[in-house]
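Here is what TrEMBL says about this protein:
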- Cys435: active site, phosphocysteine intermediate (ACT_SITE)
- Asn349, Ile350, Cys435, Ser436, Asp437, Gly438, Trp439, Asp440, Arg441: substrate binding site (BINDING)
- 9-23: compositional bias 'Polar residues' (COMPBIAS)
- 197-645: domain 'Myotubularin phosphatase' (DOMAIN)
- 1-23: region 'Disordered' (REGION)
Amino acid sequence: MDLPKHRPTPTTSLRDASDSSTGSWDALEWTKIEPIARFVSPANLDFLLDDEQVVAEGHGVVLVNTDDAGVLIVTNFRLIFLSEGTRKVIALGTIPLATIEKFNKTAVKVQSNTNQSDKTPTQRLLQVIGKDMRIIVFGFRPRTKQRRAIYDALLKCTKPTILWDLYAFTSGPSSFKNTSPLVRLLDEYFRLIGKASHRASMNMIESGSFTLSNDLWRISGVNSSYTMCQSYPFALVVPKSISDDEVLQACKFRARCRLPVISWCHPVTGAVLARSSQPLVGLMMNMRSNMDEKLVAALCSNRDGSRRKLYIADARPRKNALANGAMGGGSESSSNYFQSEIIFFGIDNIHAMRESFVRLREFMDTHGRTSSDGMSSFLRHGGSIWGGGNLSSMSASVSTLGDSGWLLHVQNVLAGAAWIAARVAMEKASVLVHCSDGWDRTSQLVSLANLLLDPYYRTFKGFQALVEKDWLAFGHPFSDRVGTPSISGSGNMSFELPRQSSNNIIPSSPMRQPSGTFVSQPPVSSHAHNANNYSPIFLQWADCVSQLLRMYPFAFEFSAAFLVDFLDCMLSSRFGNFFFNSEKERLQCNVFESCGCLWAYLADRRTSEGRTHAHCNPFYDPLKYSGPLLPPAAALAPTIWPQFHLRWACPEEAQSGELEAQCRKIILKNSEMQKAKEVAERKAREYTVAMESLNAELRREKLLNISAMNTAKRITKENTDIKRAIRSIGCKIHISSSGDCIVDIENNPVEARPNLYCSSRQGSSSALINDKKDPIVSVTDDDDDDGNNVIGRICESLCPFRTGDGGCRWPNGGCAQLGSQFVGLKANFDAFDQLSIDDSYFKPK
């Protein structure tokens with residue numbers, strides 16, 4: 001969810017600047033507020049979710065925290081505040097109905113310095129307290145009955161008469177369909193016992209064929225019908241040496257039949273992390289169970305048959321454990337459990353956590369920038385500097401934070417989980433963890449220890465498996481602790497949200513007492529549980545996870561922003577994953593098919609942006625922390641979780657995730673540059689290939705050019721040789737521009753025709769003898785005639801070495817017909833040199 005943005009200069013000023021009223025609710029000038037349009041057009045309701053319907057509207061309402069005026073809308077899912085000017089949703093004033101812890105109407109009678117106090121209108125306020133650390137106050141115009149309309153709508157929508165009227169059921173699964181968590185639980189069990197190659201399915205669950213095992217541990221279906229323990233999952237991991245009958249006997253010795261079962265086992269050493277509820281040892285601490293002792297002893301088994309040490313970690317203070325003995329509970333005796341050691345962590349119960357959370361929330365609201373009384377901490381007490389400008393007041397506020405005890409409780413939980421992880425990882429010992437019922441402090445310690453021991457749980461997929469295993473499957477009562485829907489009575493599907501019977505009126509800090517007189521009604525609780533059972537146990541665990549994320553920023557795939565959105569989704573009850581108190585109840589109401597899935601919704605949000613999404617940790621390095629995280633005690637000093645604790649009271653200071661945001665921008669730019677680099681490299685490779693192809697073509701052209709030049713040189717030489725040969729036999733050759741070849745015979749040794757004209761056209765030849773002129777032979781070469789044939793006919797007609805029978809007197813001379821494809825004769829001067837002149841060669845006819 002988006003964080004609210006502080007508005008230093010509000011659009012409509014609603015505070016009186018008079019000194020007499022500064023710092024209190026009576027500063028609001030209600031009569032000066034002009035109501036805006038009396039209705040919100042359906043065309044402007046694009047901010048509504050699917051199947052979200054408007055129930056009531058209030059106009060001219062003021063959000064006192066930020067001095068904004070606007071429209072307050074109640075839907076079947078949220079309380080929405082729209083800004084008057086922009087009609088945009090203001091995050092601080094918008095809260096899901098299920099996230100509202102309580103709300104009440106308050107009237108403030110302004111004290112006047114005159115005697116006309118009766119004419120002073122009463123300021124009508126609606127205070128809304130959220131489970132997510134915010135306290136909101138809305139102001140309404142007097143005598144408009146709008147506050148009554150909003151209040152009645154809140155009563156109706158936060159307490160529907162039947163379960164199916166809840167928004168999670170009316171909206172259905174939509175696009176965030178849920179797969180069976182039973183299948184996912186079995187897949188996680190298969191991974192733990194080294195059978196990850198097997199894939200679970202509903203057919204496997206229905207047939208009961210999921211009971212796989214390894215050398216030490218096995219998956220048991222003894223609780224498949226939830227008859228043994230209603231708050232345990234349908235499948236349990238137990239020692240292989242313990243039969244189902246022995247499991248049934250051992251469960252009777254533990255509170256609510258929550259017997260010791262395995263939550264995690266080391267893949268190499270075989271050490272296990274187990275969980276259970278307190279043993280029923282009784283007031284005298286002398287009750288025993290042989291089956292329970294046998295089951296616990298089996299948790300210490302080694303593959304070689306030896307026994308490893310066992311630590312029994314009791315999350316409670318020792319005095320609380322002894323006090324539980326009066327009610328039949330208590331703690332184990334190390335003398336009854338072989339090679340065991342009992343450790344008490346001293347973590348307080350749910351009531352102490354609830355009170356601590358309330359004090360922390362009040363501290364944030366009192367000293368925040370957007371306090372519910374409309375005063376900034378900079379101006380409190382009329383001073384111009386924070387805290388009135390004196391060191392003592394600043395120290396007092398810091399001590400108030402310490403007095404809340406929240407950070408001390410967080411540190412105790414972290415220390416206990418780190419101690420458990422160290423025993424398993426370093427000593428190879430097995431650890432059994434329990435508190436009273438084994439579903440509050442036990443879930444915190446076991447799941448945190450799992451997170452420290454197994455890097456798989458520090459990924460998105462592993463974190464989901466961890467929450468579904470150690471919180472949902474093992475029966476943390478979310479309905480009682482958080483206020484999610486519950487099943488009341490004996491199988492009745494009605495949804496009860498009784499009014500809180502507590503007389504705790506919404507407190508006002510002594511620093512913020514208004515000058516007017518309060519007339520307040522008892523607050524109304526908006527969750528379906530006894531207010532005495534409400535406790536932020538799961539929220540505290542998420543706070544512990546954020547502390548580990550701060551200490552080990554490279555070890556987690558997800559970011560603090562993911563944890564905040566995850567908590568918001570859980571508190572909003574938009575999805576059905578965290579409904580009811582146990583796996584059995586969720587199956588009875590068919591939640592998994594009727595409601596959307598929180599995990600699918602969060603995964604869908606990440607899909608659009610990939611690794612640059614705000615839920616992804618940009619510093620994640622799985623290779624750096626591929627083993628267990630074992631923080632030393634000195635590192636376990638927690639701090640305020642700014643993204644969650646400060647986001648409403650101090651929105652600007654809560655932006656500690658800006659560093660991550662800047663890092664994501666750098667990663668995004670780097671990714672874009674990397675893509676651009678890949679494109680450039682691909683184009684460079686294409687250009688290189690093209691250049692190589694052009695170079696190869698150029699080389700081929702150069703070779704062809706060289707070959708042509710060589711050929712031309714050879715032809716030129718041959719022509720020169722032919723001319724020389726022709727001249728040597730007394731002939732001159734002339735080639736006209738028309739292509740005619742003229743051969744002049746200077747000396748003809750034979751008494752032949754004195755003048756001869758030869759023409760060869762289209763395969764025929766003609767000769768013309770002119771006695772009056774010099775012997776001239778004219779040879780015309782048509783395009784269709786072969787040059788060799790023409791030259792051959794010239795040779796046949798003029799060659800002085802021809803014999804009468806067509807033979808050659810100079811066979812070594814190499815005539816044109818045999819050697820040259822160009823023109824004339826090819827002279828063989830070596831043959832000339834060897835030629836012996838014989839008069840018989842030149843005898844006349």
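Each residue, glycine too, has its Cβ placed from N, Cα and C.
Within the set Asn349, Ile350, Cys435, Ser436, Asp437, Gly438, Trp439, Asp440, Arg441 that the record links to substrate, no two Cα atoms are more than 12 Å apart, and one pair reaches that distance. In this structure the alpha carbons, written CA, of Asn349 (substrate binding site) and the residue listed as 'active site, phosphocysteine intermediate' are 9 Å apart. Per-residue pLDDT, averaged across the domain 'Myotubularin phosphatase' (197-645), gives 87. Separation of the C-alpha atoms of the residue listed as 'active site, phosphocysteine intermediate' and Arg441 (substrate binding site): 6 Å, rounded to the nearest whole number. Between the binding-site residues Asn349, Trp439, Arg441, Arg441 has the most other Cβ atoms inside 10 Å of its own Cβ, all protein chains included.
For the substrate site, the Cβ centre of Asn349, Ile350, Cys435, Ser436, Asp437, Gly438, Trp439, Asp440, Arg441 serves as reference, and the other residues of the chain with Cβ at most 8 Å from it are Ala315, Thr442. Summary: among the recorded positions (Cys435, Asp437), the fewest other C-beta atoms within 10 A of the C-beta are counted at Asp437.
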